[in-house]
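Below is one structure, written out as structure tokens; comments come after it.
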Amino acid sequence: MRIFTLGKGRISRGYARQVNPSLFAKYSYCIANNPWYFILVFTLLSITGIYSSLVAYQQSLYDQSLARWSAWYAESINAEANVITKQLYLLGTNTSVFSEDYLSNAYRWETSFHQYLAEYGYPCIRDEKSCVTISPIPKYYGKVDPVAQYSYTKGLPENEREVNKLRNDTIAEGFDSLSAFVITYFLKPEQVDTFHVVLKKFISETPNLYASLLDTSPTTVVARIPDLTVIYRWYLWVGFGVGLFAYLYLSLVRLHDIRAKFGLTATIFIQSGTAYFSTCSLLYFFERTGPICPWPMAYYIIIFMDIENSFRLLRAVIASPQTKRVPSRIMEGFSSTIIASFSSLLKKLLTLFVLSFFVYPLVQEFCLFLACSFVVSFLLHGSFFLAVLSVDIRRLELQDFLDSNSSNRNSKWWVPYLEYVRFMWSPWIIDNLGTVSFHMYVIYLQLQSSTDINGSWRLASPNIRFLITLYHRLGRILRERKLFPLITTGWFGDPTFLEALKEKTMAENLVIALYRPVILDTVNRRDYTNVYNSFHDRRVWRWSTFFSILFAIDFAVGLLVKALLRGWSDHDELSTDTTLHEEKFRIEPVPVHHQLDILKIAVSENYKTFASVGLDRCLVVWDLRQWCTKLVLSKEQMPRTLKAIALDPQGNYVSLFSKDTLFILNVESPCLMLQHSYHCKPNSKLNVFWMPGTHKDDEWKNFELVVVESSGEIQVFSLTIEIEGADIALVEKFQLSSPIIKSISIVSPTANRIACLTESGEVTVYSKKGPVWSPKILSQNKNYLTETKKDIYGIAMADILFLARDSGVDMIDLKNDELLHSFTLPPIKVNTFSVGVSNSRFVNGQFRVSSISFCFTHAVTEKVLYYYYGNECNESYIILNKWDQQPNLVDVHDPDNSLACLTFDELQENIHEVEDASECVMSSDGLYIFGMRRKSSSGICPTADEKNEDNGFTLRNRKLRTGHYNWTSYVPLLDSYMQDMEHKKNTHSGGETQVWEVWMYSQSEKKHRCKSLKMYNSLIIADPGPSLAVSDRCVAIVLGNYVALVGYGSEIFRDFYQIRNSDEMDRILRRKRKNLQRKRSGTIGC
């Protein structure tokens, strides 16, 4: 086996390398295979996160003194008297605040004071702490000296040289600055006196520790919720939410491959709400004891990000072939988009991190909230939304199977009007909603907060302290493994002190910046328990700990149950596949009840009905979906000579053609409906096509039966089927000047066509538009006159004809009679050429495909060649043809990225060559090729002499060798066959038996597989019989007197026909069949 790739003038062997399943593929496949279980698990986990945040909010509202306070905003100092605060300032120089001595002494003093407070019943509600930088401090020592009384570590420098040295060490705008550790206590009015007594007594008992550090008579100030956090005009926010819900719903309405539009819209809103509350819960658990974030805009920003991720996943899943199983489609879509979604998340987190250096603390807190929300939302998107989407696709496939006529495609009258505002769903808007929204709102918050503080727009100066505190907060868990107590940003709001400090420093403007305390990163759990023994804090701590532990236990139990019930892989544990998403190579024999070799096979267009005729002159019609026989005709019931067999597009009727008579049989209610004579030359071969006509209803149908003779004569019959019976009449007759090599039917959206390739090299296309058939000879390419035509193949829905020449293949648009593209291919053997297109769909009047594949036998080397033209990106597509806007063809939604549209020159070429096979058959999507070859039981392929010797014993040649032209019984033939078997057994003294194997190649997974075929009889077979594609992933190959259906992509064989093994579906189908049989039993007899 040799695999190589050609693309844009370069060879890339890595393109054909097998792609191993990633962790994301295993994860998504596991969820999509058991969606309801994971929906339950993630719902419980979300409830735990939401409930803990509601507990925090309820505790904050329960205490009236906290109902109007928020620690998220620390800059506003104008407030009403609701909460009394006491602030103690531990001041020092900008350099000393980072020294180990300063931090140790500050922490020791704070711990001692809190223990002292605990002895008196801890009369304060809580304490809030922050690091404060006050700048600028003038360069002159005389102006700074009055502030020195607030420093506890050391006095300020006594000479100007040291002042200049200090100024060089500063990090705040290049000026000298004064740093402080502020302890803010929020007290109830009745607790103020007690707090004063305890504070004075503590200071008097510790004269050597911070004797001059405090303002011994702290000013009573007020904390409040600034105007920015108060929600005015709720109806505007609710109206915006309703509008956003409508926009998202209409976006999903335009996705016709999604069934539950309202359900998925609600899922995204619920998922965003879960992320919002879970973020509040996480921040509350690790840091905050105040109310939850009061900004409604944060919720909508989370929704915008969910829209980005959801539509990225939806586009990938819709672009995957619909014939694959739902878990496989989810797996491929999630695996292809997880990297893009994760990179988008990283970009947003990096942007928020950079912005945090240039915004005020309240906006920093908002950035922190958004960052945490984005992470939680990303995790929920990859779990909860993934499971809900898999359920919805399953329901859509069930609905399409049960009643395709009741599809909701364009079912709403107002859907076409969305085309006028389609710019609202442009790819750029959908892909950048979250990015644009959070940038705009962060800028808005910075503008409003800076206006409140400075009176004008201003960015904060970059300060390294934010990075230091962030590092310590992360290191608290990852490195030091110490738990940060329930602390939030403090509040620096003593107007008296600020005014006094402003006068003493003679500074016109004081810029105040608050930061979380670095020193508190050294507080461990034991010290926290000893120090923070407030009733509110202890209760909050217990609730948060309980629900967080429950969160982890739920997830662990879910994984354990999943592993015990089904295992990590939902495939058969006895399977030889080692990876979870590696799909099955399946061979299923069809017991078609033939006793001799099968000569002819046929399948309906909907892959529902399969028919076969053998040397025993028996006809068997098989229902592939129900896996049962529908019609069996014995030799006595069949015509003496059978020239052709054909099934109608729906698989309900079968036509048989003898040398001068045609028969129409009903397959559903087995009976002969019609018998009619026709003209046919004695030695000519027939090719018969059913063309759809006018259908008034299920009780009156019209077809056109086109009979093509190899001599060049074409007859068109009009067939009408009613309840009372059927009628047929010859309506057209054509005669070509030379014999026909090959003829095909093309039932396109615009016309019914028959294309014929003659021995003279002409390609004549007969088209019916309206009541008249009109012929036309194709002559678009100048090479037509000089090169020999080898084969033709059509893509019906695209109205495209592929013409194989000596030097390549031409793709011709039959609608416009135009040459679209020429592919350079090696010489093709006659009647071995086939074409497949993957993921075909109609979008906005365009017929789009993801790839084009050619499979044929080389005319010189007799080797099977497979050419694939596509792109590694699963969202890329090619436009084969375009039509005017028509309701039955047009999908209003455009699920594809317009940037992913490729031209034929941009396609990558992948070539696969099978050296030890001479025949093959390709699936209709062009992604799988199958073949059958013979080898000995020892695994060695037979030699040419062995093949020639076996040709004498094959039943296929038995008719010519024994002279049984008019068979009247099976006995003489079977007796002769048993004698030949005995001779064969004596000839092969080694006792070797024939072994056949099926080989396949999967372009989608770059895999080559072989599997031995079980022999169900003792027939000696030289070559396999006819073969044809049965579905997008399945083919039928004849071997002797039985048919092997070969597929790749599912362990359950019925999955190849887009049927799911559901008990509910089986019950519905059985009920519908019984009703149909009762209806027909009274009108049509067998």
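Note: Cβ is positioned from N, Cα and C throughout, glycine not excepted.
Different topological domain names are assigned in Swiss-Prot to Ser28 and Cys367, which places them on opposite sides of the membrane.
Feature annotation from Swiss-Prot across Asn405, Asn454 places N-linked glycosylation site at Asn454. The candidates are Asn168, Asn966; Swiss-Prot tags Asn168 with the feature N-linked glycosylation site.
Asn94 is the residue among Asn94, Asn874 that Swiss-Prot describes as N-linked glycosylation site. Cross-referencing 396-401, 462-467, 1014-1019, 1020-1025 with Swiss-Prot places the feature motif 'ER export signal' at 396-401.
Using a Cβ-Cβ cut-off under 8 Å and counting only residues 6 or more beyond its ends in the same chain, the repeat 'WD 4' (736-776) has close neighbours at 605, 649, 687, 689, 691-692, 704, 706, 708-714, 716, 784, 788-789, 791-799, 801, 803, 814-815, 817, 830-831, 883, 886, 888-889. Each residue in the repeat 'WD 4' (736-776) gets a DSSP state, and the totals come to 0 helix, 27 strand, 14 coil.
Under DSSP, residues within the repeat 'WD 3' (680-727) fall into helix, strand and coil as 0 helix, 34 strand, 14 coil.
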